[in-house]
Structure formats: structure tokens, C-alpha cells
Amino acid sequence: MASRQAPLCGLAPCCLWLLGVVLLMNASARPANHSSARERAGNREENEILPPDHLNGVKLEMDGHLNKDFHQEVFLGKDMDDFEEDAEPRKSRRKLMVIFSKVDLNTDRRISAKEMQKWIMQKTAEHFQEAVAESRAHFRAVDPDGDGHVSWDEYKVKFLATKGHNEREVAEKIKNKWDLNIDEETQEVLENLKDRWYQADNPPPDLLLTESEFLSFLHPEHSRGMLQFMVKEIIRDLDQDGDKKLSLSEFISLPVGTVENQQGQDVDDSWVRDRKREFEELIDANHDGIVTMAELEDYMDPMNEFSALNEAKQMIAIADENQNHYLEPEEVLKYSEFFTGSKLVDYARSVHEEF
């Protein structure tokens with residue numbers, strides 16, 4: 001698989017090769033994902049070497065759920081942490097209006113779809129740069145001899161060490177091809193990781209990853225081949241009839257069983273509504289009711305300019321109360337929760353304060 005040196009031209013999410021993720025019940029049972037990216041965390045050692053289950057600026061999570069934070073990630077970029085729920089409202093409103101001014105390239109006090117598209121691409125590029133920097137640091141953690149290559153055995157030793165195994169003992173067992181005595185769940189995760197390792201290994205395969213290949217291993221959105229592999233895994237997980245395509249009913253499948261209370265019913269209703277809108281408005285490009293691998297790949301490619309434009313139009317439509325196809329300061333402030341994750345009160349009055 002060739003590593004992508006330049007951003008893909010063809011967006012922005014997947015699969016069961018994730019670390020630590022339990023297999024889903026079956027393709028028709030997809031529970032809603034209630035946690036946001038801000039709430040996800042693992043132990044530090046695992047975070048240094050394991051592929052993340054959340055990719056900033058990618059529409060789908062690695063388990064096939066919609067990325068709940070996507071709009072904030074591509075609108076706020078590195079400023080996302082500044083808009084926490086307990087932030088001082090006036091300060092947050094001012095920051096939001098500063099961002100508005102940056103997106104508004106022609107300074108006409110309204111944001112067009114083209115302006116939003118350019119902003120989305122800029123913020124996505126920032127996430128790409130962050131991923132490269134993080135991957136470089138993590139590569140050093142798994143390349144103990146500093147030879148610029150990481151073997152599968154070297155990685156396996158580090159991985160098992162994060163699971164509580166003695167690093168020296170594991171290395172000795174692997175060297176002598178002795179039984180590692182690991183539990184079934186850990187073995188399954190290792191097999192999934194090895195499959196992913198093979199996919200990131202540029203031909204001719206040697207099970208040695210360079211720094212750029214290791215980036216593709218951790219962040220499949222940086223590699224065309226890994227992105228395609230990711231798409232195949234998603235379709236495999238969701239495809240119920242085996243046609244290697246996704247129908248609307250397959251994409252919005254709910255967990256098996258009856259909800260126990262109204263809150264659970266509301267969650268299910270929200271799951272169906274959000275995924276139906278995403279399927280019909282953004283993923284199914286030719287609107288034939290079927291999503292192909294090519295359509296899902298375009299949707300998941302973070303640097304696909306056409307998908308970024310569609311996303312920009314959808315983001316504007318959500319807050320465009322006067323339906324003029326532009327975003328105005330009042331609308332951005334009123335729908336601040338959508339753009340920032342925080343609800344900022346007194347939005348109308350603050351427009352005059354901040355401008």
C-alpha cells in the first residue's frame with residue numbers, strides 16, 4: 001500500500017481492527033456512541049503505540065459510528081478546547097466571532113459555502129499536521145534501536161507490555177518462538193493489529209514499518225491504501241446481504257431489542273435521524289439509495305474538496321434561519337452549540353458587542 005505523501009484529492013469517518021474494542025454483536029446491531037472525543041482516553045502507554053479509535057476531522061469513528069465532534073473539529077480546529085461548557089460566555093462569544101471573521105474572507109459579514117469549504121480544508125490540514133507530529137513521537141517509542149524501522153515483533157513486545165506483560169520476558173519468548181500464554185481477547189486484538197500492520201507495509205512487504213508507514217498504521221486517513229482498507233472494513237461490518245454495498249436500512253440499523261424507557265427511545269430516534277440525514281445528504285452521492293465503496297471512500301477522505309463543499313453547505317443549512325444560503329453572525333451565535341459544543345446565551349445582543 002503506497003503511503004500518501006500529499007493530501008488525498010478524493011473526505012472526511014470503521015472497523016474491527018481497533019485495539020481494545022469488543023466485537024459488535026452483529027452487523028444489524030449498532031449501538032449508539034454517546035461519548036465525545038473529549039471524553040475518550042486510555043492509559044498513556046497504550047495511547048503512545050495503539051492506533052486511536054478517534055480520528056480528528058474524519059466523519060466516521062473506527063467502529064462505524066458518526067463522529068459527534070466532527071463539526072466542531074473542522075470549525076474550531078486547535079481552538080476546540082477553548083470552548084468548554086464552563087468557559088466564560090462573553091469570552092467564548094468573542095472567540096467565536098474572531099473565528100467568524102477569519103472564515104469571512106471577503107469581510108462582508110456573512111459566510112458563503114465556498115468560504116466555509118476553504119476553512120474546513122484548512123482546519124483538516126491542521127489535524128493532519130498534528131497527527132504527523134504525534135506519530136513521529138510515538139514511532140520513537142516503538143523503535144528502541146533507532147534504526148528507522150519497526151519490526152512487527154518489536155511492536156508486539158511493546159503492545160504486550162502495555163497489557164501488563166514483562167517486556168524482557170515477552171521479547172525472549174518471541175525470539176525463541178515460545179508460547180506467549182496470552183488470553184483469547186488479547187490474541188484477537190493482536191491478530192487485528194497484525195492485519196492492519198500488513199496493510200500499512202508498502203510493497204515489497206517485509207513486516208518492517210518506516211516512520212511514514214507507521215503514520216499510515218496509526219492514521220489510515222493519511223494513506224490511500226489504508227483508507228480503502230478502512231472502507232472495506234466498514235462495509236463488511238454493516239453489510240447484511242453480502243453485496244458489498246450499503247443500503248439505507250443497513251446504515252441506520254439499530255441495536256437488537258426493545259428500548260426500556262423514553263430516554264432510550266429518544267436516543268434511538270436520534271441515531272436513525274442523524275444517520276439517515278448523513279446517508280441521504282452526504283454519503284450517497286448519486287442519490288440512488290445505495291452507497292458503494294467508492295462513495296464511502298470519498299465521504300471518508302478528509303481532504304476531498306467536493307465532500308468538504310457538501311459539508312459546508314450542510315453546516316450552513318443547519319443554522320441558516322433566513323434561508324439566504326449564508327451564515328451571519330447572529331445565526332452562528334444562536335447555533336453556537338452546533339459549532340462549538342457550548343451553548344452561548346444572549347447571542348443577539350452579543351453580536352453588537354463583538355463587532
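Cβ coordinates come from backbone N, Cα and C, glycine included.
Checking N26, N33 against Swiss-Prot for the annotation N-linked glycosylation site singles out N33. Close to the recorded Ca(2+) 5 site, the chain also has R110, I316, A319, E321, Q323, H325, L327, E328: residues not among D320, N322, N324, Y326, E331 whose Cβ is within 8 Å of the site's Cβ mean position. Ranked by Cα separation from D239 (Ca(2+) 3 binding site), the binding-site residues D145, D147, E154, N324, E331 are led by E154. Cβ proximity to the Ca(2+) 3 site centre (mean Cβ of D239, D241, D243, K245, E250, cutoff 8 Å) flags the following additional same-chain residues: I235, L238, Q240, G242, K244, L246, S247. The average pLDDT computed for the domain 'EF-hand 1' (91-126) is 95. Of the listed binding-site residues, namely D147, E331, the sparsest Cβ surroundings within 10 Å are found at D147.
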